[in-house]
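Straight from Swiss-Prot, the features:
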ACT_SITE  Cys59  active site, nucleophile
BINDING   Thr58, Cys59, Asn60, Arg61, Ser116, Glu121, Pro122, Asp123, Gln127  substrate binding site
BINDING   Gly195, Ala196, Gly197, Met198, Ala199, Gly200  NADP(+) binding site
SITE      His106  site 'Important for activity'
Amino acid sequence: MPAAARVPLFVDDLVMVGVNYKTSGKELVEKAQFPDPLAAYSAISRIPAVREVVLLQTCNRVEVYAITTNKKATVESIKSLLEARAGEPIPEEKFVIYYGTDAVRHLFRVAAGLESMVLGEPDILRQVREAAEFAAKEGYIGKALKLTFENAVRVGKRVRTETALGKGSIGIPSASVKLLEELIGLEGKKLLVVGAGMAGRVVAVNAAKRGAKVIIVNRTLSKAKELAEEVGGEAYPLEELPRLLREADAVVVAVGGGSKVITRDAVAEVNKKLVIVDISEPPAVDPGVSLNPYVIYKDMLAVAEVANRGLEKRKSEIKRAEDIIEAELNKFVNFAQRVLADKILRELMEKVEQIRINELSKAMAKVPQEYAEVLDKMTSSLVKKVLKDVILKVREAAGKGDLTTLRIVAEVFDLKESLNNIEIIYDYNGVEQELKRKLEL
């Protein structure tokens, strides 16, 4: 079937391309991050086939969700953009790529916390919501992805409400703050946050809420200042770190790149208690810092222990969470199919009604005026009876997910809007009521 004759159903036109900690490792995820989301949106939206886009970036993933008229070309273009950001070729097996219903399922799983490094962690739900809100504010999201992300957030909330998957769960950055709270208490303490990326922001925000005096240290001073302003803290370049270490009570290091930002020599002059927590991957703190008796060093494993408290209980909830997701996925896809059916029927009825009115006008010019009401009722009744089986077949096809039948109906009746318009009207309650009124069904 020619591309122009296709009846688009937005789920079919959805792709997701990305990298995450499972397939690529956190170091590659860090490299692939887009420091300027607006520049990323601009680049992705220039891909000719892309109609809508949402960029979901967290500490553990960079994922691009797009509605497109050419899935293959769009996937290849997004892969190229991610490779350009990473500064290196990315092997095929390190990409995560989903199409259509599988892409929706993946997003629902992400929002529910099933794909998180810490099972059920709560931060991801907020991040999914904020990603869609940012795309909407900047004009890159349309009706399809708006509906998809709204449902993902709703499903994520339902999973957390109806299961214990997220009970007691926190992400790694939040867990590092909890660990410090348990070790030294954060109220009034001077905390250095090394790194102003996603993880650093979570640490800084949570620590500030607990009363810590937050100092952001980053290679790029402008980014440090931006985050410091958000949390009411101070900002310094990385070169100031050795001096700051002597004054701090605690440090959380959340950087990428693989180099050591805190070495044994860097803490040689520390002469009061200092807790250093490294949540970088790969590690960015030399374990030898613990040779200084004043330094308490905690690595990712120590933080993971805090994050994974109650993990076995949460694991037992995975099946229930997955059942909820599959049920919601079926409802979501069927909803989209029903919307398409309503769109076809509305366009069909409008077209047939216009033909009826035109032909009725011609007939009325040749018969006495007193027959007008009779002819109007007769032709209206005739149209309803002729189209009744078509309407039932369209409804039945939508219920079965039979897009072939829906396409055939749209082609036979030359329904141009249904054939060529990529967007679908999602709020169809008014359409349904109008159809019921017209057809008396």
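Including glycine, each Cβ sits where the backbone N, Cα and C put it.
Taking the C-alpha atom of Gln127 (substrate binding site) as reference, the shortest distance to any of the binding-site residues Gly195, Ala199, Gly200 belongs to Ala199. The number of other CB atoms found within 10 A of the CB of Pro122 (substrate binding site), across every protein chain shown, is 17.
A coil conformation is recorded for Ser116 (substrate binding site) in the three-state DSSP classification, outside any helix or strand. Every protein chain shown contributes to the tally, and the Cβ of His106 (site 'Important for activity') ends up with 20 other Cβ atoms within 10 Å. Summary of the NADP(+) site environment: with the site residues Gly195, Ala196, Gly197, Met198, Ala199, Gly200 set aside, the chain residues having Cβ atoms within 8 Å of the Cβ mean position are Cys59, Val193, Arg201, Val202, Val203, Leu227, Ala254, Val255.
DSSP assigns Thr58 (substrate binding site) to a strand in the three-state reduction. In three-state terms derived from DSSP, Gly195 (NADP(+) binding site) belongs to neither a helical nor a strand segment and is classed as coil. Cα-Cα distances to Met198 (NADP(+) binding site) place Thr58 within 10 Å, out of the recorded positions Thr58, His106, Ser116, Pro122.
When the C-alpha distances from Ser116 (substrate binding site) to the recorded positions Cys59, Gly195, Gly197, Ala199 are tabulated, the minimum falls on Cys59.
Comparing the binding-site residues Thr58, Asn60, Ser116, Gln127 on other C-beta atoms within 10 angstroms of each C-beta gives the minimum for Gln127.
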